[in-house]
Structures are given as C-alpha cells and as structure tokens.
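Chemist: Feature list, courtesy of TrEMBL:
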REGION    634-653  region 'Disordered'
TRANSMEM  12-31  transmembrane segment
TRANSMEM  51-70  transmembrane segment
TRANSMEM  82-107  transmembrane segment
TRANSMEM  127-146  transmembrane segment
TRANSMEM  158-180  transmembrane segment
TRANSMEM  192-218  transmembrane segment
TRANSMEM  278-304  transmembrane segment
TRANSMEM  383-403  transmembrane segment
TRANSMEM  415-435  transmembrane segment
TRANSMEM  442-464  transmembrane segment
TRANSMEM  523-546  transmembrane segment
Amino acid sequence: MVEQRHFGVWDYVVFSLMLAVSAAIGIFYGCRGSKQKTTKEFLMANRSMSIVPVAISILVSFMSAILILGTPAEMYTAGTEYFVYLGGIILAIIIAAQVFVPLLYPLKLTSSFEYLELRFNSKWAKLTGTLILIVQQILYMGIASFAPSTALEAVTGFPVWATIIIVGLVSTFYTTLGGMKAVVWTDVFQSVVMLAGLLAIVIEGVSRVGGMATVWQINYDWERINFFDFNPDPTQRHSFWSLVVGGMVGWTATYGCNQASVQRYCALRSVQKAKISVMLNILGVTVLLTITCLTGIIIFAYYVKQGCDPFTTGIVDNSNQIIPYFVMEVLNFPGLPGLFISCLFSGALSTMSSCLNALAAVTWEDFLKPFLGHRLTEGQKTWVTKLLVLVFGGAGIGMAFMAQGLGGTVLQASLSFTGAASGPVLGLFLLGGLFPWANGYGAIVGGLLGLFFPLWISIGAYNLPAAPYTLPFPTNSCVAPNISMTTMAMTTASGITLDVLSSTTPALPYEASGIELLYTVSYLWYPSIGAATVIIVGLIVSFATGPMNIDEIDPKYLIPLFDRLFCCLPASWRRTLRCKKEFPRPEDIRAGDDSDVYDSEFVVPTTDEKPSQQPFTVMATDVYPNGKGPLTSYDSLGEKDVGNDAVSTENMSNGTYKYTTHL
C-alpha cells in the first residue's frame, strides 16, 4: 500500500494558479478580436499562427503526462534501452516534414481526411479515416487524463474521479471558449510548467545522489546501462529494431497525418513555415525525452543509496507511482510538489485540449458540414463545433474512468492502443500517396481491417500475464510486507556486496501457445502491423475491383517519395524513380477556392469609423507565386476577411489604413 503524503498550502496555490492561467487564456481568446465567431478562426486560427507556438503545441500534444510518468518508470524498471526510441522519433519527424507537410499543407484542409476523399474520389474512404481517428483520440484522451489522477491519488489521497473530472472540465472549458488559439497558447504555457517540474526533479535528485557521475556508475553497477539489443525477435518487448523502426512508423503517423498535427501546421502562413514548425520538434523531443530518461535513472540511483526500492517492496502499488512518490519524499520544499503535480496536469490538459480541437474539426468537416453547412449561418456553425467539443470532452472523461482497468505502465498502455489505431491512418495516407492504382474500395476495406487487426492483438495482449521484471532492485535496507521475494548477492564495481531483490514473484515466464503467440508481439510493432495491413489489403482489393488509372490522379495528391527524401540524387535518377511523372512544387499548388488569392496588399483611405465597420470597394492585385495575378474587386470588410483567411490592419503614418491579407 502506497504511503500517502499531503499537499501544503503553497502546493495548492501553485496547482490552482496553473489551472487558473489555463482557463484565463481560453477566456482571453474567447473575448478577443472576432471572439471565435467563425469556424475558420475557431478551428484553424485563421491560418495566421506563428512558427514557435505551433511547434511547441505539436510537441506537447503528444508528449504529455504519459511521457512524464511512463518514461521514467520505464527507465527505472528496465534500464536505458528505451532512450534509443529517440532515434525513431527523430526519423519520423524528418519524414513528416519532408513528405506529409508538402502533401497536405497546399490543399488548405481543415480535416486531414478530406485528402482521402480528394485522392480516392470516395466520401466513404474519408469517413473510414475519420472513424479511425475518433477511436484513437478518445482512447488517447482517456489514458492521458487517467495518468495524473493515479499519481495524485498515490501521494496525496486526492480521489481519482475528482482529478479526471478537473482535467476534463478545465480543458473542455478553455477549448470551447478560445478555440485553436487558446489551445496553442495554453500549450506554450503548460510546456513551461512541464519543463520546470522535470528540471526540479533532475536537479534535486542529482544533488541528493552526489553528482551525475555517481548516478551513471550506480546504474551501470545495477545492469541498467544497456542501449543496443539487436535481437530481431518481434515478440521481444524492446529491441533496437522495435524502438527505432517500430517507433519511426508510429510517430510518422503522429507527426505527419494525425489531425492534431495537421491542424496545427496548416494554421501557419506558408509551407516552409509549416515544415520548420515540425522540424523544430526534433529539438523539443530531444530535450524532453532526455530529461525524462535522466529522471528515471536518477531516481533509481537515489533508492539504491537508500537501500530500499519502493516498487518491488510494495511501498507503491505500481511503477507509475514511483515518480510522484519520489517527489513527495525528496522535493519537500513548499510549492515544489505542487509544481510537479502542475507539471503532470499541464501534460494532461495539453493532450486533452488538442484532441478535443481535432475531434471537433473532423466531425464537423467530415460528418456534419455536408448536411448542415448550407443551412446554418457562420455563427451557428461555430456553435455546433463548440458543442462538439463539449460532447467529446464528456467522452474523454468517460474513457479516463475506463482506463483504470489497464495494467502495465501508462506508457505501454498509451502506445499499445493508440499505436494500434494510428497505424491504419498512416497506411491510408501512404496507400493514397504512393500507390496511384489504389481505389476507394481498397482504402475502405484496408482501413477497417488495418484498425481491427492490431487493436485485436493489443486487447489480447492485455489478457496475458505480465512478464516479470528481470533486472535487480535494491532491498537490503527495507522489509517488504506480504510479498514473496528471492534475494541474491551482487558485487558492484566499487566492491560493495548488496542484497538485491531479483523478482517480486519467482515464477516461470508464461509460455504462450496457439493464437496467444500473436499477442506476444511487441506493442511497438502495432502501428507497423496496422499500416502494412491497410496497404496490402488495400492493393489486393483495388486490383480485384479495378485499379485506378495513374493518369486520372492529379499529381498533387501523390507523393514523389524520392524527390522529397533523396533530393541529393541526380535529377535524371529521380525522374526515372518517379516513372518520369512530373509533380508540382508544393508552393505552386492551389487548393480549390481558398487558393484563388495567395497574398494581397491594398490601401484604403482612413475615416472616423473603425476600418472593420466601413464598407468600401478596393481594386487589388493578387500576388501569386509567379508574381502575376488579376485585379479583384472586394465589396466590404465587415468582420470578415477579404476573400481570404486572415486580415491584418495597420494604421499608417500618412493617414491611411493598410490591409494585408494572407492565406
């Protein structure tokens, strides 16, 4: 039974302040400017966001409380091998920036799955992708909300149900009021809180242990330092191949075609800015993953010096509670435990709000807009999207309560179920982008089977007994009540002999047989299984039902893979590799009605009234990428833009207002 400690006054002050600031950002953007009165502003921030806030928002949308709890727990119990996962994430970010951003950004989409309808000429292909995303995001919201609740209950006694409801209500509140802008800027604020909380643990932990050299030596003595295991066995939980290759596939789906990512990088003003915002995540992921991995080995070194591991001795109920237990034991300064819990909640809130915004966007664009778009005013459409945020907020809260039944670390739970759902999404986009013969029937059948197969494996895996931990844990200075244990002698490099706990239950590993062998596949391969299923089944069904003619597909819906990833190859080679087909540059692609105007600058005389209230007619030259364009007449500005997605107004010194419109 975990020993409970309690918050002090300053802890509650810090925690309450974090929640208040997050809510205040939503109120600010709900009352500022046009007050989120259009769906473009509510869902896409008028495509006028800046690079750094968007990059941070993409980062913390998926690096949340799951990262803060799960990664240190993984390092604590299984050693440093998990750090190799960083290589897979970096490769995924590069692929997303070079392949998927140039594919999706020029199309000016609100829902990323509109691409599937355009490419396959099939509404049902689009709805298949949307359905998969809804399943994935609701699962992810539930686990991300549950993660801080178990930690807070473990160390303070604060009930799980109250924590889940607070996360759900606060994130739903500011997302409903402030839309995309509120979500992005709360993500920025919450990223600072997350970083501060993690650094507090690392700095104090290293100080208590006696320096980073001591931390490393202790972990080396206790067999924790092991980065590379090249065993190709797919049933091995972690290996170099599953961490790098499997991780790369999963995170390519996340950064490249997940709605939360697409929605953010499409909120920028150019394809180059969109690519930069994604690439900046290399720096962010490296910093966050390095700090959380260091946290795990620092905490392990601390408990080695104490001679008592709280996990295997039953002081904490599961590995997810190790980090908060350490915080309450070591960071016993007023306000610091509150800072750490704020760090956890910030991660959960950022994930929850990003998922809510994404779910509202795809549900409106893909399900409701075709039926209601022409019947409702712009204001009514915005209210519908806000209502969708409320509905999905309730669904996320419900899923969080269901997540209490999951075993293992929250990290594995998250990557298991969301990985099973993200793989088929990636598969659909690759099927459409790389295989011009694939048709809508192949996308639908492949997508559904690609979701069902890995999800079935992940559910089956949770019915198998958990594998025992194989690394030693220190227990020489504590007594573990009501558990059976075996001890062994271990001599460290410094010559000290310690009694260590080798296993909490000295049982033989479970021998799977029959169909159970399929369930033993590493959870890191689930996205690859899903993506491969979609592509293989999709191509088989496409050829069986009549493949599409390659000449019928607009090149802007296809991926010139070798041009994007191997641009250093000679032009003649690349032309041969793409079957001598010519592809437009992403900067030259115009997407439907939204691309009629790229950039316009025009000046109108100033009046005593605000420019936004003064009707006028302006002749402006539309500036296209090639520098040419027709003259266009605009009727009125009102509260809307001028045939565009964004308008900025500047009061010039010469007595005129300068209007600059952007797509």
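Along the chain as shown, residues are numbered 1 onward.
Keep in mind that glycine also has a Cβ here, set from the backbone N, Cα and C atoms.
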Chemist: Using a threshold of three or more Cβ pairs below 8 Å, and leaving out pairs closer than 6 in sequence, do the transmembrane segment (158-180) and the transmembrane segment (278-304) count as in contact?
Modeler: no
Chemist: Of the listed stretches 12-31, 127-146, 442-464, which one has the most C-beta pairs under 8 A with the transmembrane segment (51-70)?
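Modeler: Checked against 12-31, 127-146, 442-464; highest Cβ contact count belongs to 127-146.
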Chemist: I need to check the long-range neighbours of the transmembrane segment (158-180): which residues 6 or more away from its ends have a CB within less than 8 Å of a CB in the stretch?
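Modeler: For the transmembrane segment (158-180), the nonlocal Cβ contacts are 19, 22-23, 25-30, 36, 41-45, 49, 145-146, 148-150, 152, 186, 263-264, 267, 345, 348-349, 352-353, 356-357, 386, 389-390, 393-394, 396-397, 400-401, 404.
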Chemist: Under 8 angstroms, Cβ to Cβ: which one of 12-31, 415-435, 523-546 has the largest number of such pairs with the transmembrane segment (127-146)?
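Modeler: The listed stretch sharing the most Cβ pairs with the transmembrane segment (127-146) is 415-435.
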Chemist: Please indicate, using numbers and ranges, the residues of the same chain that are 6 or more beyond the transmembrane segment (383-403) and have a C-beta under 8 Å from a C-beta there.
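Modeler: Distal contacts: 39, 42-43, 137-139, 141-143, 145-146, 149, 161, 164-165, 167-169, 171-172, 175-176, 352, 355-357, 359-361, 363-364, 368, 372, 376, 413.
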Chemist: Mind checking which residues of the chain, 6+ beyond the ends of the transmembrane segment (442-464), have their Cβ under 8 Å from one of its Cβ atoms?
Modeler: 116, 120, 122, 124-125, 128-129, 132, 135, 406-408, 416-417, 419-421, 423-424, 427-428, 431-432, 510, 512, 515-516, 518-521, 523, 526-527, 529-531, 533-542, 545
